[in-house]
C-alpha cells in the first residue's frame, strides 16, 4: 500500500515536521494576507476606477500564476494525476464562477451575502457523497458551522439599507454556484486524499492551464474582452495593480490548498467564511465606524462557532468517535497513531 504520509511545505516553510496548530497558523496567515491584499486591490480597480471586468482580470491573473509556478521550478513532468481529473475540476470552478456572476443581476447585495455566508454547510453535506471521502461530521461541528453562518449574516447585514430581495431565477443560480463550490472543495480534498503525492503547486498549475480556455467564450460573448483591452490600454498602470494582486492571491490560493490538504474542505470553508468577518471588522476599526447591537451579536455568534470548532475532541462527548471521520494526521501530530486512528483502505487513482 502506498504511504499516506506526504511531506508538505508552503513557500519553503516545512509543514510536515510542525505540530498541527503551527501548520494551521502558517497556512491561515498566508491565506489572510493574500486575500486581504486582493480585497484592497479589487476595491481600487472595481470601485475607484469603475473597471468591472471580472472574466478578463481572472484571465490575466491566470497567466501570472503560470509564470510564478514556472519560477518555482514546477513542470508537467512532475504531475501525478491525469489531466482529465483537472478538466472536471476546472469545469466545476468555471461553472461556479459564471453562476455567481450571473446571479448578481437578479439578487441584491443583502441576498447575495446571505447565500454566500452559508457556503460551509453545503461543503459539509457534500463531503458525505464524494468518492474517496464519504466524510461524516459530529453534531458539534454542524452546530459550530451554523453559529458561524448566522453570526456572519447578522454582522454583514447590520449596515444593509435594504431587505434581501429574492428572485427565483437568481436563487436558482446562486444555489447552483453553492453546490458547485461545495463539490469543488471536497473534490480537491479527495484528490489529495486518494493520491497523497499531489502537491498544491500541481493542482493550481493544472487547474489554471485547463481553466484559462474556459474564460475565453464568456469574454467574447459578453464583449468584455475588447472593452477590457481598450480600457486597460488607456490606463496601462492597471496591469501593474493586477499583477500585484495576482501575486498576493497566488499566496492565498496555495495557502488554501494547503489547508484543504491538511485539514479538509469543511475546516477550510469555515476559515474562508471567518475571513469575511475579519475583513469587515478591520474596516470598522480602520475607518472608526460605529458598532451596533446587531454587529455585537454577530461577532459573539462567530466567536462561539470558532471556539466550538477548536475545542479538543477529547473534551467533547463521544470524542473517540469524532476522530474516525478525520483525515490521517501528518508526522508532526504525535497525538494519533501513524494511520490517524482510521481503518486503512485501498487508495485508487482519481479519474
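Even glycines carry a Cβ here, placed using N, Cα and C.
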Have a look at 186-203, 204-221, 222-239 and point to the one annotated transmembrane segment in TrEMBL.
204-221
From the ranges 123-141, 142-160, pick the one that TrEMBL records as transmembrane segment.
142-160
Paired segments the transmembrane segment (86-107) and the transmembrane segment (241-266) in contact, 3+ CB pairs under 8 A:
no
By a Cβ-Cβ criterion of under 8 Å, what residues six or more beyond either terminus of the transmembrane segment (53-74) are in contact with it?
45, 97, 101, 199, 201-202, 204-205, 208-209, 211-212, 215-216, 218-219, 222, 224-225, 227-229, 231-232, 239, 242-243, 245-247, 249-250, 253
